[in-house]
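Dumping what TrEMBL says about this protein:
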- 20-44: transmembrane segment (TRANSMEM)
- 56-75: transmembrane segment (TRANSMEM)
- 106-129: transmembrane segment (TRANSMEM)
- 141-162: transmembrane segment (TRANSMEM)
- 211-236: transmembrane segment (TRANSMEM)
- 257-281: transmembrane segment (TRANSMEM)
- 293-312: transmembrane segment (TRANSMEM)
Amino acid sequence: MFGYVGVNKKRETVMFDDWVFQYLPKIFCGLAFFVNPIFIYMIFSENTKKFGNYRFLLLFFALFNLTYSVVNVVVPLDIHSYRYCFFLFLKHGWFVEPSEFHFNLLVARCSLVAASYAILLIHFIYRYLAIHNSKFTGEKFHLYMTFSVLVFAMYFGVWHAICYYPGRANVEIKKYIRDDFREIYGSDSIDFNMLGALFNEGSKETTFQSWVAVILWSSLSTISIVMFLVLAVMIIKKLNKMAPNASRKTAKFQVELLRALVVQTVIPIFISFSPCLLSWYSPIGINNIEAMALGVFAFVDPVAILLCLPIFRNKIFRVCRGGSILESAKSSTVQTN
């Protein structure tokens, strides 16, 4: 009796999971495609002197958001756990069948989360260079963009390698979850591409491999966050030194940009990094939270930036009061000239 009730509860949970994994990514993708083009338009309709080359980094960020949103829909992840194991797999969509190509798509989908850290890092480095009047933010900006693309590729490649080798769910992990997987999903876990980690109740080789993967994932994420904090402190110290000599308007705008960047960083930490930590170290039933969190930041982050920067926030308020975006852009340009 109790076993039957338990199975029914699990299946009800999976039905809700199906709704989450199938529809929420599409909803957030639609929201991202609504917000990010507005974000891009506002950046490039603003006075060029206001943002300088920084607008191209913001464009890079917006294009990444759109790409991530599409991939989130086309390659939907299902996150689940059983006892001492957590695992990711593709349950819906065009790439469910087990193959090397489909597994690489799964890995690439996960690697995009790590690549978001690279986007934030190159923003922090740019802000640090900008307040030091570096040539890499002006006449040599093309070199900085090349550096940015390389950093992005490095993050993506390193994460891809970690997922592909120690993070790949081997046969032992798939057999460990086999009965529970069949009970819930009605399928054999052996027939799915998976990433996973088994922390206990497995062979020494599998548990060691699992801990290596999780420690590497955690280390890369933690090092990135530490670099964000260090650069933020260095930027604040430099701004404090600049304050007596810089114009009030310039100093204020630099502080506003830093504030927006901090908000831009805090959001992925709470809705991307934190859920990942929960799934890595606490394999419990938090699957819906993780799925929602990993899909929402491409929409929330640009909204946060627009609301943090007064020049954008004022445009939005003017539009809300009945003006058009074009008129708002013209009004802002006149005020800043």
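Placed from the backbone N, Cα and C atoms, the Cβ positions cover glycine too.
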What stretch of 20-44, 56-75, 106-129, 141-162 shows the most Cβ pairs under 8 Å to the transmembrane segment (211-236)?
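Ranked by Cβ pairs under 8 Å, first place goes to 106-129.
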Other than its close neighbours in sequence, what residues sit by the transmembrane segment (106-129), given a CB gap under 8 Å and a spacing of at least six beyond its ends?
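Distant contacts of the transmembrane segment (106-129): 54, 57, 60-61, 64, 67-68, 71-72, 75, 77, 88-90, 95, 136-137, 144, 147-148, 151-152, 154-160, 163-164, 167, 193-195, 220-221, 224-225, 227-228, 231-232, 234-235, 238, 254, 257-258, 261, 264-265, 268, 272, 276, 294, 297.
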For the transmembrane segment (141-162), could you work out the same-chain residues 6 or more beyond its ends whose Cβ comes under 8 Å from its Cβ atoms?
53, 56-57, 60, 107-108, 110-115, 117-119, 121-122, 126, 129, 213, 216-217, 220
